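Feature annotation from Swiss-Prot assigns (6S)-5-formyl-5,6,7,8-tetrahydrofolate binding site to R23, E80, K120, K453; the stated evidence is sequence analysis. Among the features that Swiss-Prot reports, domain 'TrmE-type G' is placed at 216-377. Sequence annotations record features per position, and here Swiss-Prot assigns K(+) binding site to N226, T245, I247, T250. What Swiss-Prot records for 226-231, 245-251, 270-273, 358-360 is GTP binding site, and it gives sequence analysis as the kind of evidence. Feature annotation from Swiss-Prot assigns Mg(2+) binding site to S230, T251; the stated evidence is sequence analysis.
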Amino acid sequence: MIHIETIVAPVTSPGKSAVSILRISGSQTKIVAKKVLGSIPKARFATYSKFLGKNSVVLDQGISLWFPAPFSFTGEDVLELQGHGSPLIMDLLIKRITSIENVRMAKPGEFSERAFLNGKIDLIQAEAIDDLINSETESSIRASLHSLQGDFSSHIKQLISTVIEFRTNIESSIDFSEEEIDIDLKSLIYIKLKELEEKFIKTKKVISEGSLLKEGKKIVIAGPPNAGKSSLLNALSHSNRAIVTKIPGTTRDLLYENISINGISCQLIDTAGLRDTKNEIERIGIFRAWEVIKKADHVLFVIDKTTKQSEQKKICNEFIQNISVNNIQITFILNKNDLVQDKFNTEKIESLLFINISARTGQGIDKLRKHIVKIAKNENKEGVFIARRRHINQINLAYNEFLMAKKKWIISKNIELLAESLRLINRFLGEITGRFTSNDLLKRIFSSFCIGK
């Protein structure tokens, strides 16, 4: 795609620094090179250059890099100027370059958008650039790089390829739809439905793992009232985020706090104490607590160490029974260990393993942090990539359409209905990589990028 306008923007952060970099991309870049450098540098070589203003006044000197189309990040002619890190020099250079006809400042994310529109990267890879820049943990950096290198795109493209092959097999027989459907075709359709379902399930699984890195592992702090749940949230997050009192039922709504534990991104969720109550407001809080518990990746179940051991076991067993079908990782925590002056270690009560802590004094908290990291690292898999909410929504749309198509086929054996569903599935999946997309979606995605990307 040829853009009439050429764009320019600083690649480096604003402010004083040792080096600042300007990037220029577009059809006028050769003219920019001739006017600012005096000539076009040798392609893909670092060239020492003087950066010229009007009337050949030297504004700065440094390194120029020339990437002729299509062998550049954007797929267009690209010039990069690496000069001294003075904001004033950068401003003078930008003013000089934008004075050239059809050259303007780039919008946020416009270089990446042009790379996408010119087929250099797909939409997943474009989003991965933004995710990589905004990564706050080592695991999310690795996952963003996997996406940038095309691992995520490969999963989606394999799924699309299966859908296209399926469509090809059945659409060729639509012209003969008034005839009895061939037994071999029926058999093929069932085989393809099974194959497609298996690939959907596999893709949904890896996307679910990828969303944990993007949004953080959801760790819900649950337990009876006054067990010290809010104190634990404060201790883990090094903050006074939650209100702590001796009055049972102080926490009545969900409280979220995003933290990083040794490079593991986590979202802590403090919940209302679980008990039977007639208080309507507290009951709503408890209902919300159960809702978020059932969607958790990990539950820290906190009970008061001063409670009788038989009662501790009863409370834990009741909780396990309530969420047994959800297959959620549970860590049992005995809080207020400082009040009984016991050792801060792990202990077994019958078959359950407990970690002893004092959220008030901070004792045992480091041991709990190490435990959370150990579980997270055991769950982490190489090759996981970042999955955005947009990706998850599109996969769910495609999978739900598939389930409907499968059901309709079993009931009606209508090839035309099946073909239409496969067409929709193909479109839903294509929107993930950008094969089918709208200008509004592109604007929303790329406007969140920083200028220069």
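Keep in mind that glycine also has a Cβ here, set from the backbone N, Cα and C atoms.
Just so you know, of the binding-site residues R23, K120, K229, K453, the Cβ with the fewest other Cβ atoms around it within 10 Å is the one at K120. Shown are the binding-site residues N226, S230; the one with the most C-beta atoms within 10 angstroms of its own C-beta is S230. A359 (GTP binding site) sits 51 Å from R23 ((6S)-5-formyl-5,6,7,8-tetrahydrofolate binding site), taking the CA atoms of both as reference points. Largest Cα-to-Cα span within the (6S)-5-formyl-5,6,7,8-tetrahydrofolate-binding set R23, E80, K120, K453: 18 Å. For E80 ((6S)-5-formyl-5,6,7,8-tetrahydrofolate binding site), the nearest of the binding-site residues by C-alpha distance turns out to be S230; the candidates were N226, S230, A272.
Following the DSSP three-state reduction, the secondary structure of N226 (K(+) binding site) is coil.
Comparing local CB density within 10 A for the binding-site residues E80, A359, the maximum falls on A359. A359 (GTP binding site) carries neither a helix nor a strand DSSP state and counts as coil. The separation of K453 ((6S)-5-formyl-5,6,7,8-tetrahydrofolate binding site) from K229 (GTP binding site), Cα to Cα, is 43 Å. Looking only at the binding-site residues N226, S230, A272, the one with its C-alpha closest to K453 ((6S)-5-formyl-5,6,7,8-tetrahydrofolate binding site) is S230. Nearest Cα neighbour of R23 ((6S)-5-formyl-5,6,7,8-tetrahydrofolate binding site) among the listed binding-site residues (N226, S230, A272): S230.
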